[in-house]
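According to Swiss-Prot, the active site, proton acceptor annotation covers K64. Residues or ranges marked as shikimate binding site in Swiss-Prot (evidence: sequence analysis): S13, L14, S15, T60, N85, D100, Y211. If you look up Swiss-Prot, you'll see E76, G124, A125, G126, G127, A128, N148, R149, T150, M151, A152, R153, I209, G232 marked as NADP(+) binding site.
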Amino acid sequence: MKFAVIGNPISHSLSPVMHRANFNSLGLDDTYEALNIPIEDFHLIKEIISKKELDGFNITIPHKERIIPYLDYVDEQAINAGAVNTVLIKDGKWIGYNTDGIGYVKGLHSVYPDLENAYILILGAGGASKGIAYELAKFVKPKLTVANRTMARFESWNLNINQISLADAEKYLAEFDIVINTTPAGMAGNNESIINLKHLSPNTLMSDIVYIPYKTPILEEAERKGNHIYNGLDMFVYQGAESFKIWTNKDADINSMKTAVLQQLKGE
């Protein structure tokens, strides 16, 4: 079977390394490549994918929303998130999914098993936040809060959870067991501070969905304060495993995928 990841730029993507490691571990001769498709060429997506004879593909920035009009069917999770990161091509039909939310929550559950009783704060109200919130709401609905700089961003949300401003989030920070940053603040080249951690409880798990850099500024600050931290590496691995399951109906080798990504990050 043939797979790929599409984006622009895409040369930095670790998806090919991760998926190929999984294929090798499972003894599969499947292929996975990175395809750079600029925005101005995206209208040719059907033609490009057809020529490659792909069985499925991942979509990353900046095409997660742009792909939706080209799909024949969109899964409920992807509709809720307003973004697609996985496409299955079956009998000529393109089916869109979003595995980011379930990928993050599966990883989080492995390091924080008592999610059901956790008070959780999500920073940011973009597509990534929405996907994670919808998935977390299955476990922690009464105790889930999302904070954003502007409240207007919540107008497209159809989820009954607590919605507060970032200013209020700073005030009540000590009340949360887990704080998750889903904003671009702290990504490579972005040193913006999203929130003041002055009131962060020492028992709070501080998380970020970014894994490059391995420790974002908000994670470094929390670690200096003595908090446990959790980055986005597991989310990346688990969302990839979920994509593989959608494409093949097989379980991925999580360990081989994570090891391959870690080796790449360390330059091995």
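Even glycines carry a Cβ here, placed using N, Cα and C.
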Quick one: pull the CA-CA distance for S13 (shikimate binding site) versus K64 (active site, proton acceptor), whole Å only.
-> 15
Rounded to the nearest Å - Cα separation of N148 (NADP(+) binding site) and S15 (shikimate binding site) | 30
Determine, using Cα-Cα distances only, which of these binding-site residues is closest to N85 (shikimate binding site): E76, A125, A152.
-> E76
Give the number of CB atoms, excluding that of D100 (shikimate binding site) itself, located within 10 Å of its CB.
-> 30
Around Y211 (shikimate binding site), which residues of its chain at least 6 apart sit with Cβ under 8 Å of its Cβ?
-> N231, G232, L233, M235, F236, L265
Can you name the binding-site residues among E76, A125, T150, A152, I209 whose CA is within 10 A of the CA of S15 (shikimate binding site)?
-> none
So N148 (NADP(+) binding site), by the Cβ count within 10 Å over all chains shown, scores 21
